[in-house]
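For reference, the structure discussed in these notes is given below.
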Amino acid sequence: MPQDDRMAILADEEEEEQKKSDALSARFNRLSLEVQDDTATTHELNCCERLFLRVNRHLLVSKVFYFFFYAAYGSLHPLLAVYYKQLGMNPSYSGLLVGIRYFIEFCSAPFWGVVADRYRKGKYVLLFSVFCWLMFNCGIGFVKPAAMSCTLQNPTTSITLNPTIASTNGTQASTIAFTNVTQHRDLNFAYNSLERVKRDANVSLSMTSTSQPVQNFNTSPQSNTTQSSTTSSTSTPPPPPSTSTLEPPVIRYNSDQVEAIFLLILLVIIIGEFFSAPAVTIVDTITLQYLGPHRDRYGLQRMWGSLGWGLAMLFVGIWIDHTHVIYVIDGVVGCVMPDYKNYQIAFIVFGILMAMALVVATQFQFDIRRLDECSSSSRAESSDHASGQEFRYLELLRLLCGVRYSTVLFVAWFMGFGYGFVFTFLYWHLEDLNGTPTLFGVCSVLSHVSELAAYFTSHKLIELVGHIRVLYIGLACNTARYLYISYLQNAWTVLPMEVLQGVTHAAVWAACISYLSAAVPPALRTSAQGILQGLHLGLGRGCGAMVGGVFANYFGPAETFRGIGMASLVILLLFAFIQHVTEKDEHTGKKIIYPYEPSPDSQDEDIPPRTPVTLDQLEG
């Protein structure tokens, strides 16, 4: 029995040792697996997951939406004025169709914002707005151009000849009076001067031509003798040879159809823009709420829209440049057919990209509790500001109506005016100079790159020279750019001046926002910025497209560019004089950047916030 006990004890000891060895091996295997898993995880994070884990999914939705939305916008809207021109419209019609969008958006966007906030239907309003962007803008692409006819430049002329033959000393002097000269007018243009018809004296008066003039010979009796003029030539000396020749035939559009097309597109734009206006406003609001306290990073989200705009415009421009459309033209033979492009491609690309934006918009999350917390916190902050410092809106208007700040607001309006005119008629003017859609795409890329670069460096420029001097630089660049464009002979030579758009738009906008932010307390900065945005985006760009279109129709695009350039020079001199009189000279080192509010345009970039200063510090 003791031996059996010894064997049992040994068996137990071996079993325990086996268990210990198994446990150690299992622990070792588990540790080795953990090490392998850590190595694999580290490898995956270095390659793929690191960027994915650092990307905020909510902000990723905003980035993708901005990319597709502004890619759709950039693929079509910069080309709409040229498309309207191909439909047969003059600059006045095109400017009105482009400029009225700014006014409608300026009026309707606040209305839809109130509706979305009051009824808690922000997502439904957003989806409906993007859907209206898709439907109403694509609907414009189904409009057919007006009927065209090939007509002669020299109009049909009806001539009544009343020769009076008088006999004096055996000589007869034939006097031929030309009356009743009627001319066919162009359906779209009116001319105030009548063209004089010259004929050679040796040419028969009864000869026939393509115009087939009507000739009436009325003789008046002299000395009781009636004579009939039947000869084919007059007795007057032959006039010098005429140098006037028939001009080549030209293409005319049916004015009635052009007017009908204009009214139809105008109706579509008014209805569509009213319902589609709140899309960008709602997305901007939800993006800022996603950012929370890091609102200074808003530009990093919006810059994806600039990237989409530039790429889409370049791609569509190259594609359209390789297309040709042939229209049936009635009338005489001999008209030189223009190189019409197929702008239906732009509408197709717009529809695809906007449909993608609509799909992405469904992924926005409108958290009501979070919105309530944000709104309550903002109301608490505003109440604290209001209790600490009362500042009535009437005093705000009185301040902004002062000489110093009203001139800044006027400069902001004028810069918006110039931007609206350039956006509408730059490609129109370049097409008159045989510019191609490929050139339009390259111009768009250069302007967007320059604006992004300007947004990166604008705060440094303001720190270096000050806000007012940045406005001086913007007006000077405006003058140089518009005068240069007005004297262009080759469309491709416009490219060097497109890099100035970063200064004329981005830097000027940042300077205006920063300058006015210091003029008012924080509680009313939103109101001041709303006034500035209304003047720059609504009234400025709308007037630039509409009023500029009227000037371009009467004087021509080149002359209008030259006039705006000269006006910019005059405004620069007056603005500098007023600021010199009303403002004390400040050291450039005291210029401080104020909280940056991004422009609601498609080209925005991140500018880090700075500590705000008071009005007394600004004036001191």
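Even glycines carry a Cβ here, placed using N, Cα and C.
Listed features, source TrEMBL:
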- 63-562: domain 'Major facilitator superfamily associated' (DOMAIN)
- 64-84: transmembrane segment (TRANSMEM)
- 96-115: transmembrane segment (TRANSMEM)
- 124-143: transmembrane segment (TRANSMEM)
- 209-248: region 'Disordered' (REGION)
- 218-235: compositional bias 'Low complexity' (COMPBIAS)
- 260-283: transmembrane segment (TRANSMEM)
- 303-320: transmembrane segment (TRANSMEM)
- 340-361: transmembrane segment (TRANSMEM)
- 408-430: transmembrane segment (TRANSMEM)
- 507-524: transmembrane segment (TRANSMEM)
- 536-555: transmembrane segment (TRANSMEM)
- 561-581: transmembrane segment (TRANSMEM)
- 591-620: region 'Disordered' (REGION)
Check the domain 'Major facilitator superfamily associated' (63-562) for me and report the mean pLDDT.
-> 76
When each of 96-115, 303-320, 340-361, 408-430, 507-524 is checked against the transmembrane segment (260-283) for Cβ pairs under 8 Å, which one has the most?
-> 96-115
Do at least three C-beta pairs under 8 angstroms join the transmembrane segment (124-143) to the transmembrane segment (408-430), pairs 6 or more apart in sequence?
-> no
Go through 64-84, 303-320, 340-361, 408-430, 507-524 and flag the stretch with the largest number of C-beta pairs under 8 Å relative to the transmembrane segment (561-581).
-> 408-430
With pairs 6 or more apart in sequence, are the transmembrane segment (408-430) and the transmembrane segment (340-361) linked by at least 3 Cβ pairs under 8 Å?
-> no
Contact between the transmembrane segment (64-84) and the transmembrane segment (340-361) (3 or more Cβ pairs under 8 Å, separation 6+) = yes
